[in-house]
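Let me begin by presenting the structure, written as structure tokens, before commenting on it.
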Amino acid sequence: MDFGVENSRETSDSRESGTADLKGITEITADAEAQRPTWSGRLEFILSTVGYAVGLGNVWRFPYLCYNSGGGAFLIPYLTMVFVCGIPLLFMEFTVGQYTRLGPVHAFAKICPLLKGVGLATVVISFVFCTYYNVLMSWALYYLFNSFGMETLPWKSCNNTWNAVGNCSSGFPGNDTHLQSASQQFFDNRLLEKTRGIEELGGLRWELFGCLVFAWVIVYLCIFKGVKSTGKVVYFTAVFPYFILFALLINNVQLPGAKNGILYFVTPVWSKLFEVKVWLNAAAQVFNSLGIAFGSMISMASYNKFNNNILRDALIVSVANSFTSILAGFVIFSAVGYMSHIHNLPVDNIATDGAGLVFVVYPEVLSTMPVFQLWAPLFFIMLLCLGVDSQFGTVEVAVTYIKDEFGVKVLPFLKREELLVLAVCFVCFALGIPHITKGGIYVFQLMDHYTAVVSLVLLAFFEVVAICWIFGIPRISLMIRRMLGKSPNIYFRVCWLLLCPMLVLCILVSSIIQYTPPHYGKYEYPVWAEWVGWGVSLVSIVWIPFGAIQEIYNNKGSLLQRLKTAMTPTIDLNVMAHLPEKQNRDNLASEKLLSSVPPLTQ
């Protein structure tokens, strides 16, 4: 296959031509670097990407998945997937963003015109995601406000107006299925005022409406100046949760029963290693946790300086993400073990995953802790920080796309970039209002199922195909060499060529085979709601075939010629042909010059 990269020749003509090209490229992109803002420092980019990757899923998804998939034995497939899938794919997305200095839409249009729809699909899925993800922040704020100024936490007792008479237990009901815990009734009847199904949305929950407004105000104030403001905020939002997690862990391990909960979490069940599902779960957890295919990592990397060490950053983000997941597991299960001791119930009866873990189980744990007046607010502030960081990244994808695509038209009209960010936040807020109706939990669950489960995996597969197979490993290696001064080693090249595409394909096939209709508890969605869910999925992935059809239609020649043209990237990498290989190896000055060459895409 012709990758558009000619063999280098060690001749004086090529040296002169290469030097001239390098000078030309430097001059061309000097203005572009000045026009596009950059992170004030490397630490800001690292903290922003760590904050984006480390979210609520690390707290409510990983611990239960680990416990349910073999305990300590699950760490073997999990860490294996981190190294063969997580780190290489994150490095790949950083490379695309930093080299092109563009958001995902324009980056994919230049890398693989045939699958340029992948870039727009990542923007759409991130936009859909941020319309409902901030609802979780409104819940966290509601719990936070209810944690102050009370002798007992409101979800501890059954003596409240929202509790069902004769159907409430001040602890966990265990095998008594007709009872509900007080914390569950607070979540259902006080926070949500839940109806019987999506058919009955009911009226607005005005308290949640106010919390949602507050949550979006926080997001806006953190990102309205772009990377300049986000880079400062993450010093707190990305670091503070670790102080709380360590403080909770120190407190929890001193509670009675904590040891049993931790043993439940880490005790290896070696037989689980022979189950294919466990390995696929590990790959999916790594994949989703790092935020691959949302476009956020590409967008944030596009604000880097051209020679920033993205390999180091990818390693730091991946390690921090995995460490946080494991740390959260110890925090959660030490508390679950404490609750099993207090109520004399097996850990199985208490452990759960999803929103129920942080909004039902853990609030119940907090209500029985010594000095709960301190731990409860700190826990919900931690949730707020974890969620807000992830929200930054998804909103930034939409803002970056609008600036790259319509900046010349939109910014003069809005006068200031702050108004553009405000407009994006307002639209996302308005689209999130259905989730805070009394039947909003059913809307939320439906959106999450078809966005985070169905669309994302399919989108990720096409992203990997576009970059790893069509664009090709030689081109990716060349981009990295221009930025870092050296090509990626054989480990990354093998992962990109074989392991990552095959793993993503396995996850996709497994998701299709194991597909189950959405449900919330025992509630089954009506058929029309499932069709709405599939419509939500199509809103993002439909751009992939549309983009391919448009590209082939606009090209000239026979169908085969049009297809070949559509698979040819428009990024000019031929300048590298003028640099002799020996010079690149032996001359340190040339390597420094090479690493400082800005991209040709501006």
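Numbers run from 1 along the shown chain.
Including glycine, each Cβ sits where the backbone N, Cα and C put it.
The Na(+) binding site annotation in TrEMBL covers G51, A53, V54, N58, S289, N321, L386, D389, S390. Per TrEMBL, the feature compositional bias 'Basic and acidic residues' maps to 7-18. The disulfide bond feature in TrEMBL is assigned to C158-C168. Summarising the annotation, TrEMBL assigns region 'Disordered' to 1-20. Sequence annotations record features per position, and here TrEMBL assigns transmembrane segment to 45-63, 75-96, 117-145, 206-224, 233-250, 278-303, 315-339, 374-399, 419-437, 449-473, 494-513, 533-553.
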Proximity of the transmembrane segment (449-473) to the transmembrane segment (278-303), 3+ C-beta pairs under 8 angstroms: yes
Top partner of the transmembrane segment (117-145) among 75-96, 278-303, 374-399 - counted as Cβ pairs under 8 Å: 374-399
Cβ pairs under 8 Å between the transmembrane segment (278-303) and the transmembrane segment (494-513), at least three: yes
Recorded stretches the transmembrane segment (419-437) and the transmembrane segment (206-224) touching, at least 3 CB pairs under 8 Å: yes
Beyond the flanks of the transmembrane segment (533-553) by 6 or more, those residues with Cβ under 8 Å of it: 113-118, 120-121, 124-125, 128, 446-447, 449-451, 454-455, 458-459, 462, 518, 525, 559, 562-563, 566
Stretch of maximal Cβ-Cβ contact with the transmembrane segment (374-399) [cut-off: under 8 Å; candidates 75-96, 206-224, 233-250, 315-339, 494-513]: 233-250
Chain-mates of G51, A53, V54, N58, S289, N321, L386, D389, S390 with C-beta within 8 Å of site centroid, Na(+): V50, Y52, G55, G57, G291, T324
Residues near V54 (Na(+) binding site) in space but at least six apart in sequence (CB under 8 A): A238, P241, A320, N321, T324, L386, D389
In sequence order, the binding-site residues (G51, S289, S390) whose C-alpha falls within 10 A of C158 (disulfide bond): none
